[in-house]
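Colleague: Copied straight from TrEMBL:
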- 6-220: domain 'Cytochrome b/b6 N-terminal region profile' (DOMAIN)
- 35-63: transmembrane segment (TRANSMEM)
- 90-111: transmembrane segment (TRANSMEM)
- 123-143: transmembrane segment (TRANSMEM)
- 188-211: transmembrane segment (TRANSMEM)
- 226-349: domain 'Cytochrome b/b6 C-terminal region profile' (DOMAIN)
- 246-264: transmembrane segment (TRANSMEM)
- 294-317: transmembrane segment (TRANSMEM)
- 329-351: transmembrane segment (TRANSMEM)
Amino acid sequence: MIKRLVDAWVRQRFDVDKMRGPVEKQLKKPLPHNVGWFHTLGSMSLFLFLSQVVTGILLLVYYRPTVNEAFESVKFIMTKPYMGWLYRQVHAWGANLMVIVVFLHMLRTYITGSYKKPREVTWIFGVFLFIFTMIFGFTGYLLPWNQLAYWATTVGTEVAGSVPIVGEWIRTLMRGGPSVGSETLSRFFVIHVIILPWLLVLLVLIHLFLVRLQGVATMERVDEEKEVDKAHGTPFFPTHVLKEGIVFYILLGILITLAILAPFDLGEKADPLTTPHAIKPEWYFLPFYQVLKYFPKLAGIFVVTLAPIFLFLWPFLDRNKERDPRKRPFAVGFCILVLLSLFIFGVVGYLSETERQLFGKTYYFDVYGLPHAGTAAEHMAKLTDAEVK
Ligand code: HEM
């Protein structure tokens, strides 16, 4: 049936046979033997991005980007339209999973030394993709216009404001005024639904073009890398494509399960006059936010902005020609140290300014994450006493 349709209609209009060659060449391109399940993390990132685009378009049907209507419109989406609750939850969970998966993909390319010559530019485009994925999350977080989002954005834009010289300008540019308000919502909306999606599409296309052009990295030394031939490689189609299909299916299952079993609460509508206790950014900014607390303002900003600069420059700083992680103890050790620090500062940030029950006792974790026996109120009272003395 399809063959007859192609013969009768398509073939008379387009030179299908001429296209077949290049398409088949790409599909049959052999991948190195080291390509396994971890190499599906890149396409998993792409899958999540596409899922965000689809669910984002569905959300746009009813979402209203104004201070008076945003919260109510999200509430409406969650209760009235067919499956509205599902696509809102899949979008919210998708944003979080995308940060995790893109990060894991970056980690995979780091551990296998894939960022080394000649793939430094692929890595640099990747770092842009990672940063824009985080900004995607930051701008999207404000859109439901709830208390949590409003105050997290106030804090986030305040941090940007402490950058020397240009900080004030950046903060006003982000907020569209002295405080977070209707101008901020409009700006974040435009960035979130127009600028970032198209920018990401462009960057992903360049990133994938580079991956295809240079081929997936082998585990050989930089100066010994040879082109993979058919006899020694794994075919992209069907072997790798099948793996990708399986992980897409599992990801979709995870997204829907999380949407059903752990839905995100909308909370209360934003109230600029009521500051909640302990305002915190989203979990993926939490380690950086916590680090900022330990340094004087300027030094903190300097430390935190070093991280992305370091990521961009890493392929040029690492002069070791080996790709095998067992032969790169410094790079791997450094990576473990960074991961541990992110985890520790993240946990401390999560615990900070909360009251917890540990081994049958109540502890209050102060703003620096230090535990104090007793409740928050008792701690505050002690502080006031000390201050009085
Ligand atoms: C939306 C985000 C991203 C998408 C959709 C994406 C997609 C992909 C895909 C499909 C591949 C080929 C298969 C694979 O190795 O997994 C790939 C390879 C690669 N990606 Fe990404 N990527 C993203 C972000 C990043 C980030 C954040 C980095 C690092 C900073 C990065 C660095 C690389 C490198 C170096 C390769 C070559 C891997 C090799 O040759 O072994 N990518 N990417």
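Using N, Cα and C of the backbone, Cβ positions are placed for all residues, glycine too.
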Colleague: Could you count the residues of the domain 'Cytochrome b/b6 C-terminal region profile' (226-349) that DSSP puts in helix, in strand and in coil?
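Modeller: For that range the per-state counts are 80 helix, 3 strand, 41 coil.
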Colleague: Tally Cβ pairs under 8 Å between the transmembrane segment (90-111) and each listed stretch (35-63, 123-143, 188-211), then give the stretch with the top tally.
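Modeller: So the stretch in question is 35-63.
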Colleague: State the residues, same chain only, that lie 6 or more residues beyond the ends of the transmembrane segment (188-211) and have a CB under 8 A from a CB inside it; answer 'none' if no residue qualifies.
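Modeller: Here the qualifying positions are 42, 46, 49, 53, 56, 60, 65, 119, 121-122, 125-126, 128-129, 132-133, 135-136, 139-140, 142-143, 153.
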Colleague: On average, what pLDDT score does this prediction assign to the domain 'Cytochrome b/b6 N-terminal region profile' (6-220)?
Modeller: 96
